[in-house]
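**Student:** Submitted below is the structure of interest, expressed as structure tokens.
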Amino acid sequence: MSHFSYRNGVLCAENLPLTEIAQRFGTPTYVYSKAALLENYGAYANACKKHGRDDKTALICYSVKSNSNLAVLNLLAKQGSGFDIVSGGELLRVLAAGGDPRKVIFSGVGKSREEMRLALSHDILCFNVESLPELHRLNEVAAELGKQAPISLRVNPNVDAKTHPYISTGLKENKFGVAFEEALDIYRTAAGLPHIRVTGIDCHIGSQLLDDAPLLEALDKLIELIDTLSNEGIAIHHLDIGGGIGIVYDQELPVAVGDYLGRLFTRIDAWRAARHDKAPITILFEPGRSIVGNAGILLTEVQYLKHGDAKNFAIVDAAMNDLMRPAMYEAWHGVQAVRQRDGSASTYDVVGPVCESGDWLARERALNIAQGDLLAILSAGAYGMTMSSNYNTRGRAAEVIVDGAAMHLVRPRELPEQLFAQEKLLA
Ligand code: LLP
């Protein structure tokens, strides 16, 4: 269910009118629903339970890059979530939020020595290694620390995720992972390195996937490779299928998380039964968008209405620096007036104050609005705040979590002075 709905003509987050949030904390402000967040996480956790998995045989590693606010991470950590990180900074966030480093997996093509050291010193669950040189570097860094680094290879199964090219990652031409054909050789190398311990296999084929068929195809390829490795005496203890399940922005019909996990576990169970394999294999997931995407909106105020011959513009106080997705991917986000008005709508492009023609949040939307009205940019919980910038010396938006009728400020709006406080004049 949506946790953002109209009551008496006013859009609410759970039981709280968005007007009250704007009054108290101003705009632009990201507003997240705690209930939505927990419900979306629960869809994964419940499906795991339903298919006989416990916290030893399935682990949900929430993808921190989608929304990394400490309060969000803390709520998920309290549910038992693990975390998928892509930088040392994200590891420090997880630790600061009370996350368990032994449930952390580290993805990304460019891990630095320093990041490896940090992750090794916190005994994370696994490094998702994306290239042969990275494997050698990790072996060296682990040797310096007198440790063995647990690894998965991120294998590129070369399946078409059928999503936006910028967020499709499982094809041969992408920079991610190692080619399926090269994986066996790299695993052999890894098995021979003294400071590397092979523990798993990993893939992530893309984001905003509506259909689970490409994910199940990728699963079949990983299973094939696990069998080959097992014949060579290289044991794989966990299989990480990545994230990628999409959400509704407009008219999309994404697969339900429970249905996808059901099909995935059924295949895995059939494979294990056919091999008479009693040793359990742990299944890891790296969901981001499907947990936070629809749990958040961006609240903004109309500054000016500009009516022209060719177009009408609603100039709002949020901009591309707050929500990059439209400018970057031509992404579509729903827009709703917080207070419903009587009368007829006009067609507007919703644009921000940044000095770029690409600074738009939505195009050609029928809105019945006046100057000073509040708008909600929908489905903005994932890759919203985390991709924001300070372009035009604009402080980042505030972040608020709503729980029932209560609002919690989980990050105040940045003040302009903070943005240049570290800068120095020439002596
Ligand atoms: N695991 C890895 C290794 C990833 O690279 C990603 C996302 C995820 C998991 C989480 O995927 P999700 O479940 O959220 O689809 N900024 C883009 C999306 C970029 C996705 C990057 N990788 C957007 O706004 O659509």
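Heads up, the Cβ atoms here are built off N, Cα and C, so glycines get one too.
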**Student:** Considering the pyridoxal 5'-phosphate binding residues GLY244, GLU286, PRO287, GLY288, ARG289 given in TrEMBL, which of TYR187, TYR348, TYR383, TYR391 is annotated for that site as well?
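**Tutor:** Record source TrEMBL; matching candidate: TYR383.
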**Student:** If you measure every Cα to Cα pair among GLY244, GLU286, PRO287, GLY288, ARG289, TYR383, the residues listed for pyridoxal 5'-phosphate, what is the largest value in Å?
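**Tutor:** Per the listed residues, the maximum Cα distance equals 15 Å.
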**Student:** Quick one: Cα separation, TYR329 (substrate binding site) versus GLY244 (pyridoxal 5'-phosphate binding site), in Å?
**Tutor:** 16
**Student:** Could you round the CA separation between PRO287 (pyridoxal 5'-phosphate binding site) and LYS65 (N6-(pyridoxal phosphate)lysine) to a whole angstrom and send it over?
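**Tutor:** On Cα coordinates alone, these residues lie 10 Å apart.
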**Student:** Cα within 10 Å of LYS65 (N6-(pyridoxal phosphate)lysine) is the criterion; apply it to the recorded positions GLY288, CYS355, TYR383 and give the hits in sequence order.
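**Tutor:** Within 10 Å Cα-Cα: GLY288, TYR383.
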